[in-house]
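**Q** Quick one: the structure is below, questions incoming.
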Amino acid sequence: MNSTSFSQLENHSVHYNLSEEKPSFFAFENDDCHLPLAVIFTLALAYGAVIILGVSGNLALILIILKQKEMRNVTNILIVNLSFSDLLVAIMCLPFTFVYTLMDHWIFGEIMCKLNPFVQCVSITVSIFSLVLIAVERHQLIINPRGWRPNNRHAYIGIAVIWVLAVASSLPFMIYQVLTDEPFQNVTLDAFKDKLVCFDQFPSDSHRLSYTTLLLVLQYFGPLCFIFICYFKIYIRLKRRNNMMDKMRDSKYRSSESKRINIMLLSIVVAFAVCWLPLTIFNTVFDWNHQIIATCNHNLLFLLCHLTAMISTCVNPIFYGFLNKNFQRDLQFFFNFCDFRSRDDDYETIAMSTMHTDVSKTSLKQASPLAFKKISCVENEKI
């Protein structure tokens, strides 16, 4: 997850090439290192599909939530923030990374050289900590429902803090990212004359390693451990739940409902960890010993790891939105250019959002068993 995966995926040739031990370690100097056209075409299709799904999925999710005023609760506000950051990743990370890795030189100018890795790092940090805040909201909702629970104001404050933290942690890219022709000065190939590369130029290797290690903890291991703990506690609580609503339902329905919720919670954590694990491993190995990765295999291996990580921008809308019946209905209305309308009596809050009901605790106690069962079923759908 380390954000330098994006800058260093841009830098990978440069670090090899500037090595004193192997000054001619350029992948582009060896014709055998070029990827076959069939592989490039397949990767282009895959990247294109992820970009389209990531942009359209997150954009639709944002529009649907913003359109429905009744959906602006804590979780949905955080989901909009998550989708917006994923949208930036899909726009800023995928196309620039793919083109630069294949071409081995930068064609997008000095401003984009600094802005691209900066925006990428900001977006990824925001995405991860949005997942953290959603886990916190869910934890308080299920583990401590009578204690402190975040409201919309808390959500907006949390989002502001996330963006400030993300910008601050990404500033080194704006400071140390440079556009230069230094790696190409001794290259004899005419195709690489007057070409430029974009890479980070830290004061020393120790500075670079310290920063990349910090990002590794900040953007992967730290959030992942925290999210896992939150959802594990939620899983245990849901498994042990034996309240009045559960007793009113038959065991088969209770078992299937509990299983559905637990699988969704587990899938969120697994998707986050699995999507980013290959790139995290690749980036860590590259940071500490880049010579361990064969030059000719570097670009292909990196692109595969990077593509896997970018799939997470498509997974989140599915988990947080499109598995919900209302989003399926509203999405259909969206593509049919219809109004986003829904009746209060059949509208289901987005999965993972704060549960609420118009029925008070007093009326709940006075309700008939049949009515209570119906209310409890609706309540669990809202969980």
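Backbone N, Cα and C define each Cβ position, glycine as well.
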**Q** State, for Glu110 and Asn297, whether Swiss-Prot gives them the same topological domain name and hence the same side of the membrane.
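**A** Swiss-Prot topology: Glu110, Asn297 on one side of the membrane.
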**Q** Of the candidates Cys33, Cys198, Cys225, which does Swiss-Prot name as forming a disulfide with Cys113?
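**A** Of the listed candidates, Swiss-Prot names Cys198 as the partner.
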**Q** Among Asn11, Asn186, which is annotated N-linked glycosylation site in Swiss-Prot?
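**A** So the answer, going by Swiss-Prot, is Asn11.
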**Q** For the transmembrane segment (117-137), I need the partner stretch with the highest count of C-beta pairs below 8 angstroms, choosing only from 35-55, 212-232, 261-281.
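**A** Result: 212-232.
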**Q** Out of 35-55, 88-108, 212-232, which stretch has the largest tally of CB pairs under 8 angstroms to the transmembrane segment (300-320)?
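**A** Selected stretch: 35-55, with the most Cβ pairs under 8 Å.
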**Q** For Cys198 (disulfide bond), what is the tally of other C-beta atoms lying within 10 angstroms of its C-beta?
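**A** Result for Cys198 (disulfide bond): 25 other Cβ atoms within 10 Å.
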**Q** DSSP-wise, what's the residue breakdown of the topological domain 'Cytoplasmic' (56-87) into helix, strand and coil?
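**A** Tallied per class, the topological domain 'Cytoplasmic' (56-87) gives 29 helix, 0 strand, 3 coil.
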**Q** Around the Cβ of Cys113 (disulfide bond), how many other Cβ atoms lie within 10 Å? Please give the count over every shown protein chain.
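**A** That number is 24.
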